[in-house]
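These notes concern the structure reproduced below.
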């Protein structure tokens, strides 16, 4: 076997492994950012945290009924005074907060807005919905990609069922939500994202079906009482996330390709040596 086929095979293996390597790197980076946010808020003084929280509560109380747009099909202009006011909330760090979902081993940073760049870095908070700080008659909406190819993000969100739990951490405050329903809707069906009087809700959104993205999966949770010690233990036990099956399959396939390639090289080398010996013997 000449060098060119070997080089082509190795290039093919690297292309095959690229989604695995990039996903592992991006997942690790996103978890690191989420954990750094937790450390940064713990290091901030209570006065600063309290001031930010009060501003956010005031923002939520004055939030009027803006049209809620699909985060993937409709973009909000960042130049408006309303959006600039929104960006001034919970802005102690570039990260707004942190979401963790123990069942699917998820720990991600939450950012302002749902721009293309934002949704490649983590979870985006949908402008026009309540800030994720809890409270009566609030409804925060958090969006995340699935089938991105270079990060896990909300790939496993369809695994959540009623009764499962997720946690939001903002400014050192932890909030626990229990999934009450899941629903698949068309992109323009946004009625389920509106506030419900007296309720404290958060809805998680991602595209579905996987890789097709014609619909939206809504996972809505209602706030429940939290035991901080138990919540920390549940989060810690869920991390690090296990390697998904598709990664194992790609690594297995790449290993077989490499093994077969080098096996053929070795067999060719042995045959060549035997032929040379036979020529010398004759």
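Backbone N, Cα and C define each Cβ position, glycine as well.
Feature annotation (TrEMBL): of 221-245, 246-270, the stretch labelled transmembrane segment is 246-270. Cα of residue 145 (active site, proton donor/acceptor) to Cα of residue 207 (active site, acyl-thioester intermediate): a span of 7 Å.
In the three-state DSSP scheme, residue 145 (active site, proton donor/acceptor) is classed as coil.
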